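Visitor: Grabbed the feature section from TrEMBL, which reads as follows:
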- 67-425: domain 'FMN hydroxy acid dehydrogenase' (DOMAIN)
- TYR93, TYR198, ARG233, HIS320, ARG323: glyoxylate binding site (BINDING)
- 146-148, SER175, GLN196, THR224, LYS296, SER318, 351-355, 374-375: FMN binding site (BINDING)
- HIS320: active site, proton acceptor (ACT_SITE)
Amino acid sequence: MLLEEKFQFSLMEEYGEEQIFSRLLPLVHELSWLEGQLSMDLQRKGNLESGSFWYSSVIKGSLFPGSMAAEPVNVNEFQELARQALPKMYYDYYSGGAEDQHTLKENVEEFHRITIRPRILVDVSRVDLSTTVLGYKISAPIMIAPTAMHKLAHPEGEVATARAAAACNTIMILSYMSTCTVEEVASSCIAVRFLQLYVYKRRDISANLVQRAERCGYKAIVLTVDAPRLGRREKDIKNKMVAPQLKNFEGLISTEVSSDDGSNLEAFANNTFDASLSWKDIRWLRSITNLPILIKGVLTHEDAIKAVEVGVDGIVVSNHGARQLDYAPATISVLEEVVHAVKGNVPVLFDGGIRRGTDVFKALALGAQAVLIGRPAVYGLAAKGEYGVKIVVEMLKDELELTMALSGCPTVKDISRNHVRTKHERLHSML
């Protein structure tokens, strides 16, 4: 046995794999952060390629022999980088869905059943991706979805995600379950951001966070309405997922809940989420804030109509990343149903399964004003910190721009229903 192998074996024997990994993980995250900072600095100086090579060959190659993988060329490849970077418990938390994970798969695969109908001989010498959401101009119709506990993915947490969103000139929706406070995120950069909200049984806690966000300059509240209880996430149960103490709630409530049956996170949510939340509570939310209110979790035309009737300012078509009710429909399959129901009265945003610029294009063609990305942003954060999130967004923007050019759409407004054909339309045409 070589000396190096004997050393590795003795370390494993003395400390155990989990303890060694837990000690190395902060170093790996720090190196990812350094890579991102170096790449952004060299990009500003016009020398990105050589700098990235230097990092990969000198730093990574010397500390982690055999780890010199090629840089990701699409968003999907960030998932494997995140899997390599994270402890299994945390990777499973971010990547997993409810029960059989049928809806989790369908959220992505349903996009594959929609084809694009390109138009030719259109002047696309200039392609403009910019659009507006609630009157705020963003560089492309791609926003950051609310996802919880970013410090499990990277030491800088939601602050790094917020800076990346600001660098990409887009809107981040900060999760209610953030590991950074609303104040920390607000002070990290100048940008438009919204706050996602769960309503707790103790309404004073939810009201406290809403009012703090409004004072910090957040521009809208996104109320999640599909979680009276937490869905059954079996990976979290097997891993006995532990929720960290969340700084937003320090002095208000503890997230440390003891559960011998499985996920502590599930136990915490089921102890605190208000299962009595109903349509009349939109009025309560209006009474504590002057911000626009969007509701996230609409999947049917009946609920879309009701949402307009109670006066919400926007709708997010979402199945909670397939983490709540398994065998709920893939979000792209019901987007058009919701769009038709609201009749243009409020903006409709889309959440779930976006992995390609072509996916963004398809959602826009079916009526979404913009899309949200959740897991891709977290995977970018886990792999390369702030820089990783920025690259994920820019990759999707580049792919969307190319799709628009090849489809004959010089602006977002030029993307129409005629540019896509769903599986139902293809079947109907064969009858």
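Here the Cβ of each residue, glycine as well, is placed from N, Cα and C on the backbone.
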Visitor: Among the binding-site residues LYS296, HIS320, ARG355, ARG375, which residue has its Cβ surrounded by the fewest other Cβ atoms within 10 Å?
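Guide: The binding-site residues LYS296, HIS320, ARG355, ARG375 were compared, and ARG355 has the fewest Cβ atoms within 10 Å.
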Visitor: Distance check, please: Cα of LYS296 (FMN binding site) against Cα of HIS320 (glyoxylate binding site), rounded to an integer number of angstrom.
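Guide: Each residue's Cα considered, LYS296 (FMN binding site) and HIS320 (glyoxylate binding site) end up 8 Å apart.
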Visitor: Average the per-residue pLDDT over the domain 'FMN hydroxy acid dehydrogenase' (67-425) and send me the rounded value.
Guide: 95
Visitor: By a simple count, how many Cβ atoms lie within 10 Å of the Cβ of GLN196 (FMN binding site), its own Cβ left out?
Guide: 23
Visitor: Taking 10 A as the limit, how many CB atoms besides its own sit near the CB of GLY353 (FMN binding site)?
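Guide: By my count, 28.
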Visitor: Report, in whole Å, the straight Cα-to-Cα distance of TYR198 (glyoxylate binding site) from GLY353 (FMN binding site).
Guide: 22
Visitor: Would you mind ranking the binding-site residues TYR93, PRO146, TYR198 by how many other Cβ atoms sit within 10 Å of each Cβ and giving me the lowest?
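Guide: Across TYR93, PRO146, TYR198, these binding-site residues, the one with fewest Cβ atoms within 10 Å is TYR198.
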Visitor: Quick one: largest C-alpha distance among TYR93, TYR198, ARG233, HIS320, ARG323, binding glyoxylate per the record, in angstrom?
Guide: 19
